[in-house]
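**Student:** Pulled these features from TrEMBL for this protein:
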type	residues	note
BINDING	ASP16, GLU18, ASP212	Mg(2+) binding site
BINDING	SER153, SER154, LYS187	substrate binding site
Amino acid sequence: MVVLSVPAEVTVILLDIEGTTTPIAFVKDILFPYIEENVKEYLQTHWEEEECQQDVSLLRKQAEEDAHLDGAVPIPAASGNGVDDLQQMIQAVVDNVCWQMSLDRKTTALKQLQGHMWRAAFTAGRMKAEFFADVVPAVRKWREAGMKVYIYSSGSVEAQKLLFGHSTEGDILELVDGHFDTKIGRKVESESYRKIADSIGCSTNNILFLTDVTREASAAEEADVHVAVVVRPGNAGLTDDEKTYYSLITSFSELYLPSST
């Protein structure tokens with residue numbers, strides 16, 4: 001087993017989710033298809049609720065901004081109260097959501113509806129988040145050694161908490177000291193990592209960031225954050241140069257913490 005020794009100055013471990021703690025297949029084959037398969041039923045069930053109406057109006061606003069895009073799907077405003085009118089409108093929202101997802105867009109409007117749908121699915125027990133088997137034992141060990149553990153993912157903080165609150169290992173939210181999403185900045189920009197350090201109250205060189213994406217690793221490194229690239233089944237392959245340049249781990253158990261003296 002390759003062991004990567006964690007630098008002594010590291011007091012914080014910052015984790016990416018997709019491809020690092022959680023199989024990409026779970027996100028790609030379960031989380032996202034769930035939205036496309038259930039969005040119509042969800043809208044029909046929750047349409048009258050204020051939260052759902054807010055989601056729809058945000059999507060409608062986004063659709064107006066997208067009107068110039070090729071293949072954009074408009075969402076009409078309500079004209080009457082007829083059942084046909086309602087069904088047409090729901091279908092327009094469904095088509096718009098599927099169109100955005102087919103382009104892998106990350107608009108706030110789309111993310112908000114997805115987050116609410118996942119919340120309903122996780123809390124009803126229709127879905128549990130998958131974590132690689134080495135993750136929870138390793139995180140427990142790190143915390144016992146006095147490390148702080150934070151999450152940084154492009155998924156919203158609300159969505160992150162759903163995953164950790166409803167996992168195949170049970171509710172593991174207590175293992176995480178805090179969550180960051182792209183509100184603090186994009187993961188490929190080094191400034192984001194400086195802001196995270198400020199928010200935690202440490203220096204960037206007190207952080208070890210684990211991610212499967214080398215562009216994120218490189219941005220973090222530029223901010224003087226320690227980095228290891230996580231190689232998991234289903235992740236994008238690395239170039240030979242990347243393999244040579246970055247410290248690689250295939251399991252969290254490969255990280256060795258020097259006993260704190």
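One is the number of the first residue shown, and numbering goes on along the chain from there.
Backbone N, Cα and C atoms are what each Cβ position is placed from, and that goes for glycine too.
Automatic, uncurated: that is what TrEMBL annotation is.
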**Student:** Can you tell which of the binding-site residues ASP16, GLU18, ASP212 lies nearest to SER153 (substrate binding site) in space, using Cα positions?
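**Tutor:** Spatially nearest to SER153 (substrate binding site) by Cα position is ASP16.
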**Student:** List only the single closest residue to LYS187 (substrate binding site), chosen from the binding-site residues ASP16, GLU18, ASP212 by CA-CA distance.
**Tutor:** ASP16
**Student:** Drop a 10 Å sphere on every Cβ of the binding-site residues SER153, SER154 and tell me which sphere holds the fewest other Cβ atoms.
**Tutor:** SER154
**Student:** Given a separation of at least six residues and a C-beta threshold under 8 Å, show me what packs close to ASP16 (Mg(2+) binding site) in the same chain.
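**Tutor:** In sequence order, ILE151, TYR152, SER153, LYS187, PHE209, LEU210, THR211, ASP212, VAL213, GLU216, VAL230 meet the Cβ cut-off.
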**Student:** Cα of SER154 (substrate binding site) to Cα of GLU18 (Mg(2+) binding site): how many Å, rounded?
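**Tutor:** That separation, Cα to Cα, works out to 9 Å.
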**Student:** Return the residues near GLU18 (Mg(2+) binding site) by Cβ distance under 8 Å, restricted to its own chain and a separation of at least 6 in sequence.
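**Tutor:** Result: ILE24, VAL27, SER153, GLY155, ASP212.
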**Student:** Centre the Cβ atoms of ASP16, GLU18, ASP212, go out 8 Å, and tell me which other residues of that chain have a Cβ in range of the Mg(2+) site.
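**Tutor:** Here the non-site neighbours turn out to be ILE17, GLY19, THR20, THR21, THR22, ILE24, SER153, THR211, VAL213, VAL230, ASN235.
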